[in-house]
């Protein structure tokens, strides 16, 4: 909501003309992409518009922000707009805002300070729209409030400060908990729950009628601490002693934070702890909380065992505070993903249901489940997957969702009636494309976002007329005009079949002036992690990968291959990597490399790989195979040993060390012959301030390679002082991409037939090549 455009509902409804062709753009001009246009971020990029739909009595209202900063209330039905908050009432430098449901107040976040990937600290202020007065949420706040949220019904706000829960109501604040501190979190997740379970910064949920609040309490007592040093700490002159950030970070088989489920009666402030007996305390993860009623009768939570291959849905009856398991599943053939997809439906044929996504059939599909337990009702089926629930419209008895029905690399928007089970596409689902949609509060309108493979656009529709848009929200016509001057890399998508029968999705970029009679170096660019997807029909940024394909001095062909274990091709395809990360994935990349080398234009002497995070790990494991196919590699922020990574991610796929000791030993990068035998070079890059994949991984990897005899002409390790997992501190990203570019340039050059001998290298060369060493 931080970057909103003013949308004026004027003029005649217009669709995108001409329609986008179902392929990535190639340009049509003569200009080639330059380094400055692509690195470190793409400057030739599509824009998108975010809308804040308003949940009011009248559907089709949303908030946008004008050029002068004012908040504008737009009404699709009446084709009007009005100023809700004048520009001079908007706090300077605000980070985010939330409109009170009755449109009488705005909650502003200011003085933003980033914490982890999703979380931040801020000051919060309440603007009374009618009076124009601005009131601090807490009088003594000092940029230390962790989270705040409006009650969906009344004038109250739940917020978290110092890991304690508070409720503000019409100017009066009540402290709900008093045990918050460094090891106890109320209503907000700790690091590992934020990063690996919720993917968000809150752990509290108002009931639909606003009368109750469900929240989680996390206790990190006994969870080991990892210390991240900050050598510069954003100071001009480095402090003599680095600042040390201590994070409770559970690694594999270490103690996890414990979690408790609580209910708060907002009228009486009565707080109740609900016993969780689904799993023992030290074997419990709560992955999702959802209200299963239109009021506050029932609330459910999704419980997993520690290694996330067993799931139990627990329903709590708020009145009696009694709970029972209403659904459970054994997923020990792999793991069970936490899709955060439970949503209350209401009564169907006299029985209350909720909708959820499950891949128990082997493919992720929509099911209705009885709130009180019982047999599910399948709403979708087939060898394709539902990827997200977009909206539940209980009035029309429709569920809107995205799926891979056309192909695993595509996304199309559909509705399914939970009354008739009839499935209807909202878009042309017979061509390769990638769509999503954002629905108004009551489901009468939606913004359809075409996200690729061609230049993205957004259109506004009524659900009553899915063929003709009300208007185009974002056309990106200016970008299309600019791209007409360019000759862009040619992107194609295809599949290659493994000897075992599975097919792998591949995305190929060819240089703009590709000549099949020339030789071209090749760079593989995988991510390859469990359940992930890189090869999709979504828009491909004109970034570093596009640049190295375009530059006449480089002209790399790039291949991105989604190996076994990646997502959206069914449970069996995903689960095959269980307990053996880094085993099948490099085999698939090597197989793909052998396939590309069947092309006469592929230069077998210059085949590299670059990956980030899991992709960096996969790059290292692929070099480790000593296949003779890859000649160089580049790993950015790699995991090198999953015993060094967090428990909730790793154990989902690898289980615990006690259950899989040999698997962990094999998963770690530990063999060095493949690195020693590279014709080219191996580069490691890592930020020392990485709180996710710790710098420890690259430190250990470098040590392993050096002790294993990898020579300086084969290995470079580059650290980035205080940079996090995204390498964003100071000018680090600029240096990083210059280094990567120099690497791919150097690695495509002809290699000398003989290596010069020096006093410092004779013994090493003798060991490598069997030559007699001189004393």
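Just so it is clear, glycine is given a Cβ too, placed from its N, Cα and C backbone atoms.
Marked as signal peptide by Swiss-Prot on the basis of sequence analysis: 1-15.
Secondary structure from DSSP puts residue 81 (N-linked glycosylation site) in a beta strand. Summarising the annotation, Swiss-Prot assigns N-linked glycosylation site to 81 (among others) and lists sequence analysis as the type of evidence.
Within the same chain, residues at least six positions away from residue 111 (N-linked glycosylation site) with a Cβ under 8 Å of its Cβ are 93, 95, 121, 122, 123, 143. Annotation note: residue 111 (N-linked glycosylation site) sits in a strand segment as assigned by DSSP. Summarising the annotation, Swiss-Prot assigns N-linked glycosylation site to 111 (among others) and lists sequence analysis as the type of evidence.
Residue 219 (N-linked glycosylation site) counts 16 other C-beta atoms within 10 Å of its own C-beta, drawing on all protein chains shown. The annotation N-linked glycosylation site is assigned in Swiss-Prot to 219 (among others) on the grounds of sequence analysis.
According to Swiss-Prot, the active site, charge relay system annotation covers 613 (among others), on the basis of sequence analysis. Sequence-distant neighbours of residue 613 (active site, charge relay system) (same chain, six or more apart, CB under 8 Å from its CB) are 527, 529, 636, 637, 638, 639, 692, 693, 725, listed in sequence order.
Long-range Cβ proximity for residue 690 (active site, charge relay system), meaning a same-chain Cβ under 8 A and a gap of 6 or more residues, is found for 228, 637, 723, 724, 725. In the three-state DSSP scheme, residue 690 (active site, charge relay system) is classed as coil. Swiss-Prot lists 690 (among others) with the feature active site, charge relay system.
Under the heading active site, charge relay system, Swiss-Prot lists 725 (among others), citing sequence analysis as support. For the recorded site, residue 725 (active site, charge relay system), the DSSP three-state label reads coil.
According to Swiss-Prot, the feature N-linked glycosylation site maps to 731 (among others). Non-local neighbourhood of residue 731 (N-linked glycosylation site): empty, since no residue in the same chain at least six residues away has a C-beta under 8 Å from its C-beta.
The DSSP secondary structure for residue 613 (active site, charge relay system) is coil.
Between the CA atoms of residue 219 (N-linked glycosylation site) and residue 81 (N-linked glycosylation site) there is a gap of 48 Å.
Look at residue 731 (N-linked glycosylation site): DSSP puts it in coil.
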